[in-house]
Amino acid sequence: CEEPVFTASLMENDAYDRIGDEPPNYEETSFSGAPGCPSVRVSAFGHDTLDRVPNIDFYRNAGSVSGNRAVRPSLQELHDVFQKVSVWCPPHLYNPLYTHPPLHTTCLYVCLNILGGVMLFIRLSWVFGQGRRGLGIVVIALSCVVTTVTGLSMSAICTNGVVRGGGAYYLISRSLGPEFGGSIGLIFAFANAVAVAMYVVGFAETVVDLLKENNAIMIDELNDIRIIGCISVVLLLGISVAGMEWEAKAQIGLLIILLVAIVNVFVGTGIPASTDKKSKGFFNYDAKIFMENLPPDFRDGETFFSVFAIFFPAATGILAGANISGDLKDPQDALPKGTLLAILITGVTYLGVALCVSATVVRDATGNINDTIATGMDMFCNGTNTAACEQGWNFSSCEVSSCKFGSMNNFQVMTMVSGFGPLITAGTFSATLSSALASLVSAPKVFQALCKDNIYTALKFFAKGHGKNNEPIRGYVLTFIIAVAFIIIADLNVIAPIISNFFLASYALINFSCFHASYAKSPGWRPAYRYYNMWLSLFGAVLCCGVMFVINWWAALLTYAIEIFLYVYVTVKKPNVNWGSSTQAVTFVSAVNNALSLTGVEDHVKNFRPQCMVLTGAPKNRPALLDLAHCFTKNYGLCLTCEVFVGPRTETLTDVNAEMEKNQMWLNKKKRKAFYAAVACDSFRQGTENLMQASGLGRLKPNILMMGFKKDWRTADTAGVQSYVGVLHDAFDFEYGTVVLRMNQGLDISHIIKAQGKYTHTHAYTHTHTHTHTHTPMYKTEAVRILQPRVTTPQSPQVVVVNERLVSTSTQFQRKQGKGTIDVWWMFDDGGLTLLLPYILTTRKKFKDCKMRIFIAGQPGRVEQDRMKSLLEKFRIKYADIHVIDDITQNPNSNSWKMFEDMIEPFRLHEGSKSTTLAEALRKDNPWKISDAELDTFEEKTNLQVRLNELLQENSRAANLIIVSMPIARLGSVSDHLYMAWLDILTKNLPPTMLIRGNHKSVLTFYS
């Protein structure tokens, strides 16, 4: 078991997941596996079998980091004739419990470090100064509601399968798909990069305040913040680049300092206040101060939501653990517990600290120890500083001019309140630096995960990692540049609202992802975490969106405009990924429900639309047939491209399974809105019959059979002709509308495609040619290249010319049709399909320059023309001309008749010139041949087909497309070869011609 061995039967194992990996190389091997690996036989069942016992390794994705994927035997390998089969042995000795040892880190303290961040020590007192205790509690409560609901949703999503690196991007993209994930991934990574700047600026503000107290300002306050911030982020970048081990160790130390600082605040509120602290507004616990800080009193243009916008980034740390999910030992267990516990702890801590400050610190204070009130004068206390006045301090001057102290004015209130001020400074440093460090690690990892998925191909450069932990060094550098750009702003109150909207948008989509996955009710949605509710998640999503708009409506609009732009971009680019998103699940559910709802509605003529079953074989083999059918059904109806594999089922089933996905992918790549279906049968007719009976779903089933004309019917064997005509009879029996397309050059270009494939595999082909073969339709120039003498098999100039014409005609419906006509020879009333299909063509861009000309049979004069004109006007069908053919009953000329006789000569019995005994013997031996009696019986109908060809040659030779009513052969009366001769002579030597016969049920109506 030293090297991985891929062994199995010679057939391809379709159960193998090819995404991100190559299929195994199958070789015939002995039964025994390599030493230490499982053998092919499983003795637990008491007999030799290729079946494998359930094992997690069979369910792993390609490139799994937690173990190696094994390949179970395919159904074909188990069902087909017994062959020697072995399975892939991992590079390690087989061990189903083997996991790749991940890096150990803890979600809880990472979340705590960010949640207990810069806002706790620098802005919390200001928040309660503006909104006071009443609305300050609401600010914290609203933040906790948003984060708790989002935490519950995130817990449900991340316990619904293995979580990899990428944080919010990974959760959203795997739930809602690459469109949502790709749009929010960039925004979320950017928000985390800006968060680095916010936390570093908070740290720099504290340092500058210390410099200011000691008269050590370097330049001025603003520039000192910039200088200190840039130096700090450089140091943090060094720690991050050193790897997650160093980052984790640093986070533990910073968390300890943070917790000690928080305890220091609570201790300090109970220590009797000094005179200096009293002059700055701190008076220990006082019920009057507590009550005075109850009603809100916003200043400087602030409102509840502007204050909330500044505070909310304090609650954005809930995704800190998810952002490093790839580095967690057990993300499914750690993320829910760590995140929700961190929310609870920090929520209680914020509320506790805020209430302690509200009960001990007044809003405004002068800081002047001489602003005292004489004993006994407190009876005159009134106004906004009553509590301070009753404590013997006069801060009334703050009502006239701004003061520098108090919860409203001093961002370092926590330092003043604490028992030991330097410890709060250390706690502030710890909180800001740990938060900045966590964000500096989160942003590159989210960005790297986004780039690895190659949703934005231009960003692939940042997907590369370095070192044993695949560190995103390039992402670190980019995050550093963004952080420095925002550090230059040097104002925490400006930076905080910028990221609030971005984080809220991320939270909204996480909540919506949980709701959407629950709503889809996919069997794959089985989160281990049960304490969530889909409607609560939807409420969380709506709440986040609402909060975004009330914080800053134009910023919210800008955020969503960016999201929509990125969403549209990813949708148009269509990245080649499939993550089983809930969007796919909801689409499936909607499709099933819509199909079921249609079954309860009767068909109505006004809602008729062509739904075509097209016998193309492989779709690329007959492009003209597919292109014309696509013109009928694009965006409006169902189109099934069908192929019948003829032969023994054991031999053809492999081809059916192999072609199914390949041809559907080809249709999607060529933007043909059609489905591919294939059956394996002993005959072409039986296969087509099966398709006609079983295809479709409820009302979504074909009503038109579309096929090409059998050009080689005169040289084909009798069984082939009978099978082809039998398909037409079956279509009439099953009441399908029938369309047969004939083009002089033919429809099938499979031999050219095979020649192209042969040339590609046997020659060193240029990159340009290979790209053309793989990704673009084969047009005239490419076919010429392939058919040049460079091909291995020499071809004559005549063959080259024929194939060139064939390719040109086969792709003509992919090009816009020039000005011309679509001539409709509506000989028989078939319900209107012969008229409706060409009308639909005229509504398409490719045929918009073509005018419809209507040809009908009738008597001379204006009566027939006026009757048809009135009918078309009632049907609201636009036309250019109406032509009445009044000489259609004339006999065809001798040359045309001679052509028809030569056509059927090899298939005639000529029993009239032979004895009765010999004639009977001929009829018995060749029942399929055309008898003289049959020709006599159908002489008039035969004359009509030959005469119609003459009229078509005379009137429609220059048409872009000809539509003719298809003649019907009465079952059991008209021989197959005579019917084929009718169709052949009718459409011979004409532009592209469609024979159409409806099922004689109305598809047109003039009623509203």
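Cβ coordinates come from backbone N, Cα and C, glycine included.
These numbers come from a predicted model, not from an experiment.
What TrEMBL records for 42-86 is domain 'Amino acid permease N-terminal'.
The feature domain 'Amino acid permease/ SLC12A' is assigned by TrEMBL to 113-612.
Marked as domain 'SLC12A transporter C-terminal' by TrEMBL: 622-774 (among others).
Taken from TrEMBL, the feature domain 'SLC12A transporter C-terminal' covers 802-1008 (among others).
The transmembrane segment feature in TrEMBL is assigned to 103-122 (among others).
Marked as transmembrane segment by TrEMBL: 134-163 (among others). Sequence-distant contacts of the transmembrane segment (134-163) (same chain, at least 6 residues past either end, Cβ-Cβ under 8 Å): 66, 127-128, 170-171, 174-175, 294-296, 304, 307-308, 311-312, 314-315, 318-319, 322, 325, 331-332, 335-336, 339-340, 343, 347, 350-351, 354-355, 358, 504, 507, 510-511, 513-515, 517-518, 524-529, 531-533, 536-537, 539-540, 543-544, 547.
TrEMBL lists 183-204 (among others) with the feature transmembrane segment.
According to TrEMBL, the feature transmembrane segment maps to 225-244 (among others). Sequence-distant neighbours of the transmembrane segment (225-244) (same chain, 6+ residues past either end, Cβ-Cβ under 8 Å): 103, 105, 196-197, 200-201, 203-205, 207-208, 218-219, 250, 324, 327, 433, 436-437, 440-441, 444, 467, 469, 471, 473, 476, 480, 483-484, 487-488, 490.
Residues or ranges marked as transmembrane segment in TrEMBL: 250-271 (among others).
If you look up TrEMBL, you'll see 304-326 (among others) marked as transmembrane segment.
Taken from TrEMBL, the feature transmembrane segment covers 338-362 (among others). Remote same-chain residues near the transmembrane segment (338-362) are listed as 106-108, 110-112, 115-116, 120, 124-125, 127-128, 132-133, 136-137, 140, 144, 147-148, 151-152, 154-155, 262, 265-266, 269, 281-287, 289-290, 292-293, 314, 317-318, 321-322, 385, 387-388, 395, 406-407, 413-414, 416-417 (criterion: CB distance under 8 Å, separation of at least six residues from the stretch ends).
According to TrEMBL, the transmembrane segment annotation covers 476-496 (among others).
According to TrEMBL, the transmembrane segment annotation covers 502-520 (among others).
If one looks beyond the transmembrane segment (532-555) by at least 6 residues along the same chain, the residues whose Cβ comes under 8 Å of a Cβ in the stretch are 142, 145-146, 149-150, 152-153, 155-156, 305-306, 308-309, 312, 497-498, 500-501, 504-505, 507-509, 511-512, 514-515, 518-519. For 532-555 (among others), the entry in TrEMBL reads transmembrane segment.
It is 183-204 that, among the stretches 183-204, 250-271, 502-520, forms the most Cβ pairs under 8 Å with the transmembrane segment (476-496).
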